[in-house]
Ligand code: 4AZ
């Protein structure tokens, strides 16, 4: 790697100086001039003197404001690139000290001066420009232009800069007539610099360059990586180049920065300077090394910048730089597709597609059939475009219908009326994403869903699912225009809902119809004076959730309230009334015990979006354990609660005629495991197993057990404990929870190799008891997706039901039983951990 000591040498104004541009006149107190009784003549004289002084001061300030303030100037930096169409790139242009570089740079700065001089709103403030680099195509020049702008005029200068391209276009016409070797300029882009890059606290500016040639793979990394944290208050740039005709490929194998992007960040540009309209991605936080991120440029250059401040410095990043030929498979897309089915993806999928890409697929299926396309993954996100309906940035056009942003799996689907379909993929010049993978099939035009219901979004569902109260299509088209069955709830908005959802405290209709006229609210809920039911969690949370404020009266917020079943007991035995105070980042107990032992329930990595399947990412559930028996392999799950103790299900450790599952020597616990059969976990034998003394193997009541490891485990990014909830912890019905495990992916199916995860909802206890025909005890809780299709299954038993709360997860339940797996109206049943909290502490000390 080549080190260049130049760096960005601009010295931005100190923040304090910028702020002076926003000066305001001081306010004064009118009461000072109110007439008061008593002080007499002397008082009057003093009053007049003070009055005169105040008037003089104000006059002075006004003069300063209108006269001198105008002279406060602000340094304004623009970064830009332009294309020189009448020059050919030479290798010497890569070296900023070569005479060729200097000569061309002089021509560019002269040309820029000329352009700015023709715009009066710019000319008077222009200070100068410096060329930072050149790249191929014909020749692209990257530069910084500096202006000294009167305070308050910044916006006017910004707007004049945006007109520069037209100005250059017109000056081209005149330069045609100019003698000598004038440059022909084209494709001019400008932007003000990201304000964070102008921080005055940078103490160090570093600049590196890397040229990937042939098959050589270079490496760039943050200073000190991996042995020491990156340096504070540093701004670093890596200018990356590939040979002409090649693109730059940048592959991060580690990205471990502070979570807060305001403090430390890495920004990648499809340029050699920091032009905001050429940003490919901004990164901060810790990404799982098992999901590498690869970026491609549109030309043969790329820029990586890194900015750090003095707070929290982390190991940093490492990335590999190589080149790929323009037009090679990973950089291109589109073409002719035919046959009865097939698939296609965005370029570089499942990695980031390149910017500035346009490609088209034409799908032709046999005559007489029509084409149906379904996108499995659809990730075309851009900051600020989350809810864009117009799709002005990156998009996929399916037979004339544009789709953009981030869409849930398998929800983008379309069917043609003939045997041809055209799909266009477009990525603009800024921000890239992981893209899409899609499948197409030939289907019968007259009967696109044989013996099934055809949803509006082209999904096919079983006919009996129509008007049954569940959104099976995903777009509610199977639940509209329904005549509800007699026993069903007829929601005002036209939907039908099953009767057991009436008055369960959850707005299932979406318009509240099913929660009207309910009288008292179910357990876990607070009844407002206006009859509304709200989650008990919202009671006394400082917000008016009822709408009539009744949930915020009679709230004893202090410590030392009378201890009851619903109060939280601090270590010093004092009680507090706050709901779920443990590990919420606020000290609520006088002794701080509610914030003790809170290093739990957090994945080390930034949650990245899963591409494909419902595989968990390695390290996403670091408390997940695989319990194995040598002759069978994986049998049950468990959760780490400390370096020595695991929680599992009692039914996993019951002896039968063949196996002594209650004996510690029968088991091996694998911690930090992701894929079964791979050498990626830490193995521990067991010292003891403590099943719950009241476990009932007929009803599955008290289905919980503890396991002590023979030797403690060291926590890593992949091995961490989950937080245990206090006995009073409230897990509100309808809240989202994660289930995870290597269990069967369908009833009667086989265990999986890779750890799976699924998002389900907690289900109201009374509703669940109705569904489970009264088999529930107060030591059980339910979670699932009542439409069916998502559930824990055989082999998941003993594993965690992880409830996310703020940045961490709490162990809400232990996978216990269910009627089959993923059946409609048959949720999974879990042991309720809050009920066993005291027992866990008694046995383990945790
Ligand atoms: C089991 O056999 C099992 N659907 C676990 C969970 C569920 C069913 C069976 C819940 O381990």
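Every residue gets a Cβ built from N, Cα and C, even glycine.
Owing to the predicted nature of the structure, the values given are computational and were not obtained by experimental measurement.
Sequence-distant contacts of residue 651 (active site, charge relay system), defined by Cβ-Cβ distance under 8 angstroms and a gap of at least six in the same chain, are 695, 697, 700, 703, 797, 816, 817. As annotated by TrEMBL, active site, charge relay system applies to 651 (among others).
Following the DSSP three-state reduction, the secondary structure of residue 703 (active site, charge relay system) is coil. Annotated active site, charge relay system per TrEMBL: 703 (among others), in sequence order.
Counting every protein chain shown, 25 other Cβ atoms lie within 10 Å of the Cβ of residue 797 (active site, charge relay system). Residues annotated as active site, charge relay system in TrEMBL: 797 (among others).
Annotation comment: TrEMBL describes 455-473 (among others) as disulfide bond. Long-range neighbours of residue 473 (disulfide bond) (same chain, six or more residues apart, CB within less than 8 Å of its CB): 453, 455, 456, 457, 459, 461, 479.
The disulfide bond annotation in TrEMBL covers 467-482 (among others). Counting only same-chain residues six or more apart in sequence, the Cβ atoms lying under 8 angstroms from the Cβ of residue 467 (disulfide bond) belong to 478, 479, 482, 483, 484, 485, 496. Taken residue by residue with DSSP, residue 467 (disulfide bond) is part of neither helix nor strand, so it is coil.
The Cβ of residue 484 (disulfide bond) has 17 neighbouring Cβ atoms from other residues within 10 Å, across all protein chains displayed. Residues or ranges marked as disulfide bond by TrEMBL: 484-496 (among others).
Residues annotated as disulfide bond in TrEMBL: 491-509 (among others). For residue 509 (disulfide bond), the Cβ neighbour count at a 10 Å cut-off comes to 22, with all displayed protein chains included.
Summarising the annotation, TrEMBL assigns disulfide bond to 503-518 (among others). Around residue 518 (disulfide bond), taking its Cβ as the centre, 17 other Cβ atoms fall within 10 Å, counting all chains.
The annotation disulfide bond is assigned in TrEMBL to 521-533 (among others). Under DSSP, residue 521 (disulfide bond) is assigned to coil, being neither helix nor strand in the three-state scheme.
The 10 Å shell around the Cβ of residue 528 (disulfide bond) contains 20 further Cβ atoms across the protein chains shown. Residues or ranges marked as disulfide bond by TrEMBL: 528-546 (among others).
Sequence annotations record features per position, and here TrEMBL assigns disulfide bond to 540-555 (among others). The Cβ neighbour count for residue 540 (disulfide bond), using a 10 Å radius over every protein chain in view, is 19.
Around the Cβ of residue 575 (disulfide bond), the number of neighbouring Cβ atoms within 10 Å comes to 19. Look at TrEMBL and you will find 563-575 (among others) tagged as disulfide bond.
Per TrEMBL, the feature disulfide bond maps to 583-598 (among others). If you take the C-beta of residue 598 (disulfide bond) and look for same-chain residues 6 or more apart in sequence within under 8 angstroms, you find 582, 583, 723, 808.
Regional average pLDDT for the domain 'SEA' (74-195) in the model is 84. The domain 'SEA' annotation in TrEMBL covers 74-195.
The domain 'CUB' annotation in TrEMBL covers 208-324 (among others). In terms of DSSP helix, strand and coil, the domain 'CUB' (208-324) has 3 helix, 61 strand, 53 coil.
Counted with DSSP, the domain 'CUB' (333-443) comes out as 0 helix, 60 strand, 51 coil. Residues annotated as domain 'CUB' in TrEMBL: 333-443 (among others).
When the disulfide-bonded residues 491, 521, 533, 546, 575 are screened for a Cα within 10 A of the Cα of residue 503 (disulfide bond), the ones that qualify are 521, 533. Cβ contacts within 10 Å of residue 496 (disulfide bond), excluding its own Cβ and spanning all protein chains shown: 19. Ranked by Cβ pairs under 8 Å to the domain 'CUB' (333-443), the stretches 74-195, 208-324, 610-845 are led by 208-324. Not one of the recorded positions 455, 518, 546, 703 has a CB under 6 Å from ligand 1. Cα to Cα, residue 533 (disulfide bond) and residue 546 (disulfide bond) are separated by 8 Å. Helix, strand and coil content of the domain 'SEA' (74-195), in residues and according to DSSP, is 50 helix, 42 strand, 30 coil. Each residue contributes its Cα atom, and for residue 528 (disulfide bond) and residue 491 (disulfide bond) these two points are 22 Å apart.
In terms of C-alpha distance, the listed disulfide-bonded residues 540, 546, 563, 575 place 546 closest to residue 521 (disulfide bond).
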